[in-house]
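**Student:** The structure under discussion is supplied below as structure tokens; questions concerning it will follow.
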């Protein structure tokens, strides 16, 4: 054993071990609470922005269109979304001549499998819009919004171009414009995977003449309630929910520990009673066997030698001692009966009260050695 183990009292060692175990359990539960918060945050708070690049198809219909696949894990049911369409257009005379044009977005049912090959088979290449081939029950949500490029008069346009001409020459500026179109506001999907769209159909209803550099569709979540708190106040929500999870885990861990202790006591107590009863039975049986052995001694009288001039020890059996006592009592009864017979009740008789006197000495029963 180490000197520290010998010098440290047992109570102090137990206190140290219990304190170490309690601190370890509390720190482990704290780590569990932090992990639980991050898991809860990732599952409860959806992705804020989902950006999809739109690959427009030209020449397959009256207007450019695109099919945008949406993963089932990107959109969440019962969560409001704002949908934006961003079009990066050149300020060409052809685009400026278009004026207002329409943009149409349709979110399709997950069971619907709409592909480009199917659209060609449906006759879209024959100047038919792909929206005409869709059934009403195949569309979860649809919306149409108008768009137009910003207007600038000729003097203003020439002046601005002259002023920023060096930037045009260096390639730091281009004659392009980005249109941000808000197609839908606060779109909510019902609960269930069948109500979450898996495909989006976008159509730019400006004819095949429109010129577009790039198109991007954006789904932006509009948080409210607890999701808004957890996203906009992340540190406060992290502290509050972690402490709540931590206290809850400590409370339920204590209840579990108390239940295990009570359950173990219920199991151990009957076992202890059974073992104590077994020990008592063993003791009783041992005593009975010992008494039987004591009774089972030899009935033969024995004489044991002693040292010096002391008289020898003589063992007298119990049954013999009882027999001698019984013989003495019989002699006493006979003596009394004889005395009654020999005694004269009249006056003047000269008979002696007794012809013989017998002295009876009873041997003590408490000792077998004399």
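Glycine is treated like the rest: Cβ placed from N, Cα and C.
Please treat TrEMBL annotations as automatic predictions, because they have not gone through curation.
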**Student:** Of 148-176, 177-205, 206-234, 235-263, which span is tagged transmembrane segment by TrEMBL?
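**Tutor:** Comparing 148-176, 177-205, 206-234, 235-263 with TrEMBL, transmembrane segment matches 235-263.
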**Student:** Against which stretches of its own chain does the transmembrane segment (235-263) lie, if we need a Cβ under 8 Å and a gap of at least six residues from its ends?
**Tutor:** 25-26, 29-30, 32-34, 36-37, 40, 229
